[in-house]
Amino acid sequence: MEDLEEGTGEGCSGWFDREAICSDGSSDEEPNESFESIADMFDDGTQTQGNSLELFHTQEKEETRTQIQALKRKYIPSPEAGGDLSPRLRAISITPKKKKPSRRLFETPEDSGNGSLGNETTDTSSGFQVVGDSAVDVCDAGRLLNLNLLQSHNRVARLLAVFKEAYGVSYKELTREYKSDKTCNPDWVIALYSLSEPILNAARTTLQGICEYVFMQSRPTAAATVALLTVRFKCSKSRETVRKQMCGMFHSDPLLCLCDPPKVQSVPAALYWYKSSMYSGTFTHGEAPEWIKRQTMITCAMEETKFDLSEMVQWAYDNNYEDESQIAFEYARTATESPNANAWLASNAQAKHVRDCATMVRHYKRAEMKAMSMSQWVWKCCREEPEEGTWTPISLYLASEGVEVIRFLSAMKSWLRGIPKKNCLVFYGPPNTGKSLFTMSLIKFLRGRVISFANSKSHFWMQPLAEAKVVLLDDATRATWDYVDTYMRNAMDGNPLSIDCKYRTPVQVKCPPMLVTTNEDVHLNDRWRYLHSRIQVFHLKEPMPIDTAGNPEYSFSNRHWKAFFEKLQKPLDLSEDEGDPKDNGEHTQPFSCCARGTDVHV
């Protein structure tokens, strides 16, 4: 065995033995190593706090954020709704807003290729679909276009687009806008959609009975048939009334009806109505409105004249208008009948013309008043009162207050003539005796003026004395009588006095007859002894009787005073000859202040 060379002999070699020894050693040590690894699994040493608390807070914060995000997703349906919570936040945007694609009017959806679009009408089940406040029959093929119209985002925009497609002109160019549906107007422009020809023909007869002028056209389009009407009703109507009446007459949906007043000051609009009325397919009834004639007819254009101030002054004089605001308002109302008033409205100096007109009317009226005697003035006031009455309430009132009628007539006779020392009548007594009611009615009938001591601080408070036939000083107090005793003794006498008028030099006039009401008995107060001989006093003792309705039993109007002066003309020394212009030789031709034309014969 020893002779064999190492590594060449049979049996176990040295390599095998060495591997076997290594294998045996490792197998013996494996149990010990496994137990050691298990023992090292548990750390029995003292542990420190570390960052566990910070980790806990981070986890709680993340969980809270997740819950809040879930709530936001639950209660906010879209990002746009979230922006509505904060208008300022919604206004802030980094990316530009995308424009929504504009939809075409009555746009037909594209066919998918399977023929479903062609069978849409036949496959639709019968029923009604509510759009807004109106129910539309879906099964009706003619109403599908109306349904598409009502489902649009802007109904009026679609209606206007269809109108322009049919007539080639914008609806807004022919009409003006009324903000309120309650505003009334006789002229209306009406556009109706999806109407049948038999309904249009039947409505013509009905419109002739309720309208003075009718203009009707109908034109078909790819979307619907559009009917255009311009009507003038016999009375003014509001938009609500017109829409309700037209929808009932044409069996149309209110949402498919446009009603607006026409543009009456637009020449292109007037030319459109005038030219369209001559088409063969247009139905017209009645005479065209004046706003169409005025802007289209050559004769009407030639009749346009310049504004004449004298004609305006004559109109105000004939109607007894002296106040500027009243002149402006009443003259503007006659613009539809008077070309001169229409020219005044077109003028840029309306306010100046009104002031000039009022000034001239006051001048003419004042000169006319001064040219008449008191008797003529009283008869003029009687002639201009159309109603007839009786003077019984006046006599009963004086008798109830203890005033003798004969004494009152004698004092009034001297008062009307302005005799010195008898130019002022004073009515005094306790309150509620009817002093102001009685004297105010007389001043109103004689068209006198009222002066108030409240304006005594002004230099012009007595200016009405120069512009009236009679004046009234109502409710004179102690301060008033002191002022009269100091400064107005000459006025009480009925003598001439100087009055300071505004924008004029002091004017010398004779003080007109004056009425005074007061609660002070001037005759019993020696303080005003110099006024005792200048006034005629009537004591009213009893309170004015009141009926169950709270009104005074005695009423005094213009017709009562007219009967008073007519019945008592002889005791008052009112001459009938002075009252009748024909008897006293005066001319009966009315006053004329208009400029004469070139064709007037001299």
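Note that Cβ sites are derived from N, Cα and C of the backbone, with glycine treated the same way.
For 1-66, 78-126, 573-602, the entry in Swiss-Prot reads region 'Disordered'. Here Swiss-Prot flags Ser78, Ser86 as phosphoserine. Marked as motif 'Nuclear export signal' by Swiss-Prot: 85-94. Annotated compositional bias 'Polar residues' per Swiss-Prot: 111-126, in sequence order. The region 'DNA-binding region' annotation in Swiss-Prot covers 138-304 and is backed by sequence analysis. For 403-553, the entry in Swiss-Prot reads domain 'SF3 helicase'. What Swiss-Prot records for Gly429, Pro430, Pro431, Asn432, Thr433, Gly434, Lys435, Ser436 is ATP binding site. What Swiss-Prot records for Lys510 is SUMO cross-link.
The most densely surrounded of the binding-site residues Gly429, Pro430, Gly434, judged by C-beta neighbours within 10 angstroms, is Gly434. Under DSSP, Lys435 (ATP binding site) is assigned to a helix (H, G or I) in the three-state scheme.
Classification of Lys510 (SUMO cross-link) by DSSP places it within a strand. Sequence-distant contacts (6 or more apart, same chain, Cβ under 8 Å) of Lys435 (ATP binding site) comprise Phe427, Tyr428, Gly429, Thr517, Leu540. Each residue contributes its Cα atom, and for Gly434 (ATP binding site) and Lys510 (SUMO cross-link) those atoms are 29 Å apart. Within the model, the motif 'Nuclear export signal' (85-94) carries an average pLDDT of 62.
Take the CB of Pro431 (ATP binding site) and look out to 10 A: across all protein chains shown you find 9 other CB atoms.
When the neighbouring Cβ atoms lying within 10 Å are counted for each of the binding-site residues (Asn432, Thr433, Ser436), the highest count belongs to Thr433. The ATP site is set by Gly429, Pro430, Pro431, Asn432, Thr433, Gly434, Lys435, Ser436; from the centre of their CB atoms, other residues of the chain with a CB within 8 Å are Thr517, Asn519, Leu540, Pro543, Met544. Counting only same-chain residues at least 6 apart in sequence, those with a Cβ under 8 Å from the Cβ of Lys510 (SUMO cross-link) are Gly418, Gly494, Asn495, Pro496, Leu497.
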